[in-house]
Amino acid sequence: MAFLDNPTIILAHIRQSHVTSDDTGMCEMVLIDHDVDLEKIHPPSMPGDSGSEIQGSNGETQGYVYAQSVDITSSWDFGIRRRSNTAQRLERLRKERQNQIKCKNIQWKERNSKQSAQELKSLFEKKSLKEKPPISGKQSILSVRLEQCPLQLNNPFNEYSKFDGKGHVGTTATKKIDVYLPLHSSQDRLLPMTVVTMASARVQDLIGLICWQYTSEGREPKLNDNVSAYCLHIAEDDGEVDTDFPPLDSNEPIHKFGFSTLALVEKYSSPGLTSKESLFVRINAAHGFSLIQVDNTKVTMKEILLKAVKRRKGSQKVSGPQYRLEKQSEPNVAVDLDSTLESQSAWEFCQVRENSSRADGVFEEDSQIDIATVQDMLSSHHYKSFKVSMIHRLRFTTDVQLGISGDKVEIDPVTNQKASTKFWIKQKPISIDSDLLCACDLAEEKSPSHAIFKLTYLSNHDYKHLYFESDAATVNEIVLKVNYILESRASTARADYFAQKQRKLNRRTSFSFQKEKKSGQQ
């Protein structure tokens, strides 16, 4: 055992004794603060002195280099073990073997058979590089496109070509629509024109895209340069234009409509438009009537009857009981279905089932309706929105926007940034198909500034009621508009609702009669 009182030697011994056993290198950091104290105790020598060692009183060497251990050299590759020469040589041999595998050795052999000069010449025959005369034949697709280029440059609808989605299928939302063109000849109108449009386009942009593609394909007859002269109607799969519904709103986005078949129809701006639109035939039937629009008086009564039956049955199959037409003024006298409307000299008829008569009291004489009422009934199918308040349970109200059209009723909540919605009911958007509507009645009218109406519809085999409030004028307009739509459609849900309501009324009347009878006997 050795006793040392020199701190310099002790520090050097601790730092250098554990070099091989300490992987962390913490031995070099032992008592590192004492180096500063030693420098203060033993200041460095003057520049004139030679050497860096300090002699103590006992003659022992006092100066040591304490920066790091003597066995560790500081460099950038500290901690990286160098590869030995053997490993480097083995790596070089491995690469040489891989290169030898990639190389293919071919042994040269002398040719035994002798070939003539002519045979050798035939192996490498000289090709003729003379220019061949141009072959006159069918034009290439590029030539045809270049010839059609001036036509495309003169297309007045070029601004709508940016809505063409044929080059964006799979990358951007697009919509494929089959468009029928009634303005074509009788043969061309049977085949639709397929248009691929961007989903973000409006109806007006789609009309312009249809006109652009129509003109680019060189179709005849030529279109009007004004896009506003055309509109889009709903069409059947066979190309028949559905005139029961109004044209699509030109300002609405096309992705809002789920129709895959449309028809491009020209808007009539001539003075004869009013007389053409006012040709309506009224067909009275059980539980309502229908207004059938005709183009002229040359239409046969059979076509009018088929349209009336299809209108009453809606999406159901037309097959079923047979019907006949009778003039409103001549009961029990069947109309010849092969005759024209012009020969009948009447505009009001009755739809009667075969083997039955109007004497049973099924039909009642309705008062003549004026043309203003007819126009109101027709305009009721046009979309119109109203701002009303929806009444919930506990008399809570929510401001909503009520949109009414011929095919559905939409209820969209109106967000109010100022009012706090913490204690209010959060209303979700509701869309009700017109075939599911049952009734719309005025529930309460307290004053001209406050009225309540009830909307009844079928949902999951159950009848639900929604209550709304607004001023009396708005409520009366909504009730009248919805009732016009219900009378013109005559859906099965509405008929079942009134039948169930009548059964409940009869059951209630029968119960009250039995109760009065028992009390009389007592």
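Cβ coordinates are placed from backbone N, Cα and C, and glycine is handled just like the others.
So that you can see what the record holds, here are the features copied from Swiss-Prot:
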DOMAIN    139-267  domain 'CRIM'
DOMAIN    382-487  domain 'SIN1-type PH'
MOD_RES   Ala2  N-acetylalanine
MOD_RES   Thr86  phosphothreonine
MOD_RES   Ser128  phosphoserine
MOD_RES   Ser186  phosphoserine
MOD_RES   Ser315  phosphoserine
MOD_RES   Ser356  phosphoserine
MOD_RES   Thr398  phosphothreonine
MOD_RES   Ser510  phosphoserine
REGION    2-267  region 'Interaction with NBN'
REGION    2-184  region 'Interaction with MAP3K2'
REGION    279-353  region 'SIN1-type RBD'
REGION    468-522  region 'Interaction with ATF2'
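Annotated features, which come from Swiss-Prot, shown on the structure.
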residue	record	DSSP (3 states)
Thr86	phosphothreonine	helix
Ser128	phosphoserine	coil
Ser356	phosphoserine	coil
Thr398	phosphothreonine	strand
Item to complete: Run through the domain 'SIN1-type PH' (382-487) and tell me, per DSSP, how many residues are helix, strand and coil.
Response: 22 helix, 56 strand, 28 coil
Worksheet item: C-alpha of Thr86 (phosphothreonine) to C-alpha of Thr398 (phosphothreonine): distance in Å?
Response: 86
Response to the item:
Cβ atoms other than its own within 10 Å of the Cβ of Ser128 (phosphoserine), all chains, total 6
Worksheet item: Per DSSP, what is the residue tally for the domain 'CRIM' (139-267) in helix, strand and coil?
Response: 45 helix, 31 strand, 53 coil
Practice prompt. Count the Cβ atoms, other than its own, that fall within 10 Å of the Cβ of Ser356 (phosphoserine), considering every protein chain shown.
Written response: 13
Worksheet item: What count of other C-beta atoms do you get within 10 angstroms of the C-beta of Thr398 (phosphothreonine), across all chains shown?
Response: 18
Fill in: Neighbour tally for Thr86 (phosphothreonine), based on other Cβ positions within 10 Å of its Cβ
8
Worksheet item: In Å, rounded, how far does the Cα of Ser356 (phosphoserine) sit from the Cα of Thr398 (phosphothreonine)?
Response: 51
Item to complete: Calculate the per-residue pLDDT averaged over the domain 'SIN1-type PH' (382-487) and state the result as an integer.
Response: 83
Item to complete: Compute the C-alpha separation of Thr398 (phosphothreonine) from Ser128 (phosphoserine), stating it in Å without decimals.
Response: 89
